[in-house]
Amino acid sequence: MRAHLRQWLDPAPADPQLAHPSLVRQGQMNCFVLLFYIASLASCWKLEVPNARPGPEGNKVEFGTKDRNVLKCSVSGFEPGDSADLEWQYDKKYVGRVNQHRQSDGSRMLTFKKAFTPADSGEFTCIGKVGDEVKEIQKVFVTFVEEPDFSEVEEEQHPIVNQDARIRCPVKNVPENVEVYWTQNEAVVTRDLQTTVEDDGKTLVLRNYSKTSDGVYECSVQFLDRVRTVDIEVLGYMPPVIVKDVMPSVVYEGQDLQLVCTADGFPTPKIQWSKMTNARKVEAINGSPKYDLSLNGVLVIKNTSVLDEGKYICTAVNELDTEDSRNVSLTVLPRPRINPFGDLIVEEGASLTVPCFTHNDTDVTEWTTYGGIPLKPYVDGSDIGYKAENGTSYLIINNINRNSNNKFVCVAHNEAGKSSRVAHIKVTVAPKVAKSGNGVKRSVLNGSPILLSCNASGIPTPEITWFKDGEPIEYDGTSFSLDEISDIPTLKITPTTTNQFGTYNCKAKNNLGSTEGDKILLLQVLEPKLPTLACNEYFLPTRMRCKVDFKNIKENNYPTNLSATFKNINGSVVYLVEGIPVEDGFIEVENLNTSSAYRVHFKAYNERGATDWSKEEYKVVTADPQAPERVRNVTSNCTENCHISWIPGRDNGEPITGYKVHLYNKDKKELWSTSCNETFTDIFNLDSLVHYEVTVEAVNEIGTSDPTSHHFTTSEFATSTSFVAMIVVICLIVLMLTLVGADYLCYRVKGFSLLQRLYRCGRKTDVDVKINKPENESLIEKPTKPQV
């Protein structure tokens with residue numbers, strides 16, 4: 001149509017040079033045709049609003065307040081194209097709340113952008129123009145209607161099974177003369193005696209509701225030209241009912257008790273546990289180390305005691321307001337109870353009787369050691385035991401010692417189990433101080449510290465007091481102080497004046513008494529003096545031994561050690577020996593040459609200094625080499641075998657070449673002997689729990705030392721399998737040798753042996769068999785050809 005219209009309005013040719021006067025007349029005629037065409041179009045014009053309903057008061061449209069509403073204005077019977085315009089006009093209150101736009105088919109759409117209320121109802125006008133000329137006007141009154149409101153509808157409802165169910169749909173804004181109706185599975189719910197409605201259809205009543213009626217129900221309302229619906233999921237609930245309970249009423253103390261409660265219902269009931277106390281107060285039970293609630297419906301009471309007695313309540317609950325419960329009164333049968341023993345304090349060496357008093361039902365009471373070994377019944381004269389009198393068991397101990405086992409256990413039994421209590425006997429001991437003997441003397445330089453110890457024992461630990469010349473010492477931290485580092489009470493003395501030397505002693509005291517330690521004479525050290533020496537009384541192979549006499553010098557001048565120079569007969573110094581101690585009134589120097597003569601000079605030392613070398617020359621002569629001295633410290637370490645070891649003595653100038661070891665039984669009968677070069681040997685295959693004696697002698701080229709004896713007893717052990725096997729083999733060998741000897745004797749006496757007779761008997765049988773063979777199988781074998 002547009003193409004035709006352009007041809008009518010533009011008759012000129014494409015090339016102006018081709019224009020002809022006759023065509024001008026043709027153009028004038030086309031103008032008349034155009035006017036006729038426009039008039040024909042005007043006669044077909046019609047403006048339409050498709051969703052408006054005509055009425056006596058004009059066109060009307062009803063819209064829901066929550067819909068996205070649209071008005072459309074279009075022309076029928078004519079295509080406006082670029083020459084026709086449509087436009088919506090409306091009150092200024094709608095500005096910004098509506099939006100209009102032109103469609104591709106030329107229609108005009110009016111879109112309502114925001115939610116409207118009934119108060120927003122009003123008139124809207126569609127105007128159709130061709131050019132500037134208004135061709136038609138269509139007015140539409142738009143009424144906004146409140147839509148049905150399902151906001152208060154519960155989309156999940158749970159009626160109780162076996163009761164009348166009311167499924168509620170409290171919808172608001174239901175239009176007049178419109179009824180709420182119900183559907184399920186796209187089918188309208190039929191009303192009958194079992195199914196009715198209430199409250200204008202807003203409540204669906206289902207008589208005697210059962211689980212078969214569960215499902216989704218649709219509550220629907222007809223609104224304008226469509227149906228508004230809400231889905232309601234209906235799931236019937238069943239109140240909880242306890243169907244099974246296992247709730248023991250009696251339990252032994254210390255056992256774990258399990259209470260079980262099972263319930264039916266929908267949703268699945270949850271079991272809650274509680275306990276009624278003696279104060280009639282119900283307390284909820286929660287999971288804890290005491291109560292295990294890991295399984296629904298199961299309560300485990302751990303390690304029951306009398307404190308767990310009471311009424312336990314099992315309650316089944318679910319989402320409904322109803323509940324079901326069961327209860328049981330629990331009684332705990334207790335184990336025996338043993339009364340505390342109190343303080344068991346006794347003096348060492350005394351006797352003690354300890355009663356074991358029990359309460360609750362007790363069947364048996366006994367005493368054991370702390371390690372669990374049962375004690376025996378007490379017998380007169382025994383050190384320890386127990387006796388029972390009038391239902392009470394008594395522990396009796398005589399001559400209690402601080403180092404003995406002083407912990408005992410009383411054990412009481414009944415049907416619920418056993419209980420025990422430890423009786424710890426504390427032994428008190430009078431104080432005692434370790435003494436060295438009379439005449440203890442100590443020497444110290446003026447200004448030098450010295451420590452005096454008081455090795456005291458006692459229970460309780462005794463208190464230590466120090467005295468000087470019979471008077472308690474006042475500690476000043478300089479001359480007198482206590483050494484706090486040492487485990488033994490120790491007095492530190494640093495004498496600075498002459499009157500601080502004297503006699504010191506300690507006193508130990510506890511609640512059982514007191515005792516004193518050694519009286520120690522503290523001497524001031526003066527310059528040393530050389531004592532009198534006698535070195536020619538002993539004639540030894542490799543050492544010098546001199547007797548020391550201090551009679552001619554004061555104790556303050558005693559030396560702590562000596563030095564010696566050894567010269568040969570030519571006067572040359574061969575040895576210089578320093579730091580020679582005086583022990584038991586003698587000095588000794590080892591490792592001298594045998595068969596030698598020495599001239600010896602001595603020097604004395606102490607803390608103050610040293611003397612000059614002695615002017616007197618002491619002659620020392622060593623003897624020829626001798627047999628070694630006896631070995632020392634023979635020890636044994638025995639299991640099934642024994643390891644014997646020792647320490648060699650002096651070789652007396654000739655090296656030790658070996659050792660002789662002899663083993664004897666208790667009757668002094670020698671069982672075994674050996675020689676070895678080491679300072680140990682092993683003895684095998686000894687008997688269990690047998691007493692033996694072993695002697696060891698050292699040997700050198702000169703001779704043998706005196707034997708050193710050692711006694712030992714083997715421990716208990718099973719006889720070795722290898723040893724038994726060895727004995728069996730030896731017995732078999734002895735038996736075989738005996739048979740061979742007897743056979744040889746028989747041969748010498750009778751001219752034949754038993755083995756020879758057995759051999760001939762076997763040969764005779766073989767010959768007899770061969771003689772009875774046919775000629776071609778005779779004993780004479782036919783010669784055969786040689787084979788290569």
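Cβ coordinates come from backbone N, Cα and C, glycine included.
Where the annotation comes from TrEMBL, it is an automatic prediction and has not been curated.
Here TrEMBL flags 50-126, 148-231, 239-329, 334-428, 431-522 as domain 'Ig-like'. The domain 'Fibronectin type-III' annotation in TrEMBL covers 627-718. What TrEMBL lists as transmembrane segment is 723-747.
Applying DSSP to the domain 'Ig-like' (239-329) sorts its residues as follows: 3 helix, 52 strand, 36 coil. Secondary structure of the domain 'Fibronectin type-III' (627-718) per DSSP (helix as H, G, I; strand as E, B; remaining residues coil): 0 helix, 50 strand, 42 coil.
Taking H, G and I as helix, E and B as strand and the rest as coil, DSSP gives the domain 'Ig-like' (148-231) the counts 3 helix, 38 strand, 43 coil. Mean pLDDT for the domain 'Ig-like' (148-231) in the predicted structure: 90.
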